[in-house]
Amino acid sequence: MYSPFHQLRKPVDQQNALENVSQFPAHLVPGRTIAAAAVNEDSCEFGSPKYFALCGLGGIVSCGLTHTMVTPLDLVKCRLQVDPAKYKNLINGFKVTMADEGVRGLAKGWAPTAMGYSIQGLGKFGLYEYFKILYADLLGEENAYYWRTSLYLAASASAELFADVGLVSFESIKVKIQTTPGFANTMREAVPKMLKQEGVSAFFKSLVPLWMRQIPYTMMKFACFERTVELIYAHVVPKPRADCSKGEQLIVTFAAGYIAGVFCAVVSHPADTLVSKLNQEKGASSIDVLKKIGFGGLWKGLGPRIIMIGTLTALQWFIYDSVKVTLNIPRPLPPAPPKTKSE
């Protein structure tokens, strides 16, 4: 798949060799990760099915691992949203949970979290790379560069639309386990109970609120991250990205990821609260929940979520870039203005 507006830079000897291979495109949309200083050959062709599969694998590792790691924080955040009278703040939430259920209680919902967000990560990152190239091809080289923020937003929204279909049932199970006292301790206990009480709809009733939460979140996650990386290299780092070590590049990745994560948490939090309440209350609709908790109730638990999502997003980009480096996946540098015909 050809993509018109970024050049994959390599050491001079490799670049000269590549330019002699007619089928290798010179200008590429950013695969968006670290530009490795090493001279290793790429493990696949940019934009090939293998490229997208490996990007999806990076998404599985980054999303599945990070979301599972923060399960205790996610559990307390959900309980703050659905029962603020009992769980008054983050620290109190941890204390009350451990007093009621012990330390093991903090791990409730880890299995559906691991499975659901691994599936979501596959779609989120793999399809983002696919749609980014597809839309750039449609726009053309010059438009793809000057409209790159809109391109990032459109590609990430398209990817998340599909990724959430794979996530929603696992998210419903997770929230039910974490927010309904005495309902179930494991995924194996929860699934048959949910089927018996509400049927198959129990696993998919929160899909639209999940889209409302995840699509704005993902649009901010990718677009803000991509542009923040550009700004950091342009105005903060005192040397070109190509001259930075892998460690220095990873520091930039983590910093840009955390900045993006803070914005992600704020724009997606009301819908996150809605998802938690919907999965807690049997038979409730989004309108019922909104009437019950009001506008102010939609913002309960924002502080813990900023901490969680900021850390989560930073770690996800860090891991995703590390996977790309490890597997020698093509890693273009940040975008540069296209050359004019006179140049």
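Glycine is treated like the rest: Cβ placed from N, Cα and C.
Residues or ranges marked as repeat 'Solcar' by TrEMBL: 50-134 (among others). For the repeat 'Solcar' (50-134), DSSP puts the residue distribution at 74 helix, 0 strand, 11 coil.
The annotation repeat 'Solcar' is assigned in TrEMBL to 147-231 (among others). For the repeat 'Solcar' (147-231), the predicted model reports an average pLDDT of 93.
Here TrEMBL flags 248-326 (among others) as repeat 'Solcar'.
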Using DSSP, break the repeat 'Solcar' (147-231) down into helix, strand and coil residues and give each count. 73 helix, 0 strand, 12 coil
